[in-house]
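So TrEMBL lists these for the protein:
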type: TRANSMEM; residues: 20-40; note: transmembrane segment
type: TRANSMEM; residues: 46-67; note: transmembrane segment
type: TRANSMEM; residues: 79-99; note: transmembrane segment
type: TRANSMEM; residues: 111-130; note: transmembrane segment
type: TRANSMEM; residues: 142-166; note: transmembrane segment
type: TRANSMEM; residues: 186-207; note: transmembrane segment
type: TRANSMEM; residues: 219-246; note: transmembrane segment
type: TRANSMEM; residues: 266-291; note: transmembrane segment
Amino acid sequence: MAPDQHPAGPPRARYGPRPWLAIFVIGLLLWLLTVAVTFSTRNANLVPTLVLLGSFLVPVTFVAWAFDRVRPDGVLTPQRLMAAFLVGGTLGVLGASVLESSLLRPSPWMWLGVGLIEEGVKIAALWLMAARLRPHRPRDGMVLGAAVGFGFAALESSGYALTALLTVKGLSLTDLVQTEILRGLLAPFGHGLWTAIAGGVLFAASARSGRLRLTGSVVAAWLGLSVLHALWDAMHSLAAALALLFTGTDWQWHLLETGYVPRPTSAQVGFITGLQWGGWVVVTLVALGWLRALARRTRPLDTAHREPAAPWQGWGER
């Protein structure tokens, strides 16, 4: 007897290794190889390769990780995320540079101004990249926002790396590498995280109407993210002020009263470093808690605005 014949169902997707992990491991190995060759040969032509690999490795990895977590029926594509990363990030950096140079002056409120400007231009860039995207699912908004934010972070880190390279004694490869390591460690907890929150709020406000809207919740998110951004940027200054307040000596206070900034002692340097990193941890926990709460609150909107689509076959389809 012939076996029962059943109609073949749609082919099931098979997934290969996590793409973000492959991107990170391969990119890290290439960066380490570039560091070794650059230090051994002292070839200045390798500096752009070193800067780009170090500045883009972590941001690109986290964009791939975020995309890998989006449900398969979403409307995001790798091409759209790449455009958001490059175009959105570039527009954000350029817009922030123009506005900061035109509007900001040294003052105690300068860091808040930086936060308002940079978070504002990233939201504007995100709005531009999402103008023709339908539907507006908050989960997609978070991923698209992360792409814009990480693009901003990658380009900003490139600038910091080049600035660290140039010293009065010539080119300092050590300072460049140290800057890239620090920026790479901090990259997941800054611009990408903040703009992911902005994207989720913007898409949640626009989900029911079908078009992007500037609502009170979007403005409130912009202001809240600007405060987190300002605290992050000002954390070293705040830590130094607290260290001076609690451990300052008479001669340090005397120098301060006469208009000079006193140099911290070796013990104070350690205290300042601990306060700075502790403050960064607090800001990060607040932002992560905000993102988690936003994802939970907007989950019904993700389900309600799910569109039928061909299943995403995965990065590692074979």
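A Cβ is built for glycine as well, from the same backbone N, Cα and C atoms used for every other residue.
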Tally Cβ pairs under 8 Å between the transmembrane segment (79-99) and each listed stretch (46-67, 142-166, 186-207, 266-291), then give the stretch with the top tally.
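Stretch with the highest Cβ contact count: 142-166.
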Near the transmembrane segment (266-291), which same-chain residues lie under 8 Å Cβ to Cβ, leaving out any that are not at least 6 residues past its ends?
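Same-chain contacts beyond the flanks: 142, 186, 189, 193-194, 196-197, 200, 224, 228, 231-232, 235-236, 238-240, 242-244, 246-247.
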Of the stretches 46-67, 111-130, 186-207, 219-246, which racks up the most C-beta pairs under 8 Å with the transmembrane segment (142-166)?
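If we count Cβ pairs closer than 8 Å to the transmembrane segment (142-166), 186-207 scores highest.
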Which bits of the chain, at least 6 residues beyond where the transmembrane segment (219-246) starts or stops, bring a Cβ under 8 A of a Cβ in it?
111-112, 114-116, 118-120, 123, 190, 194, 197-198, 201-202, 252-253, 256, 262, 264, 268, 271-273, 275-276, 279-280, 283, 286-287, 290
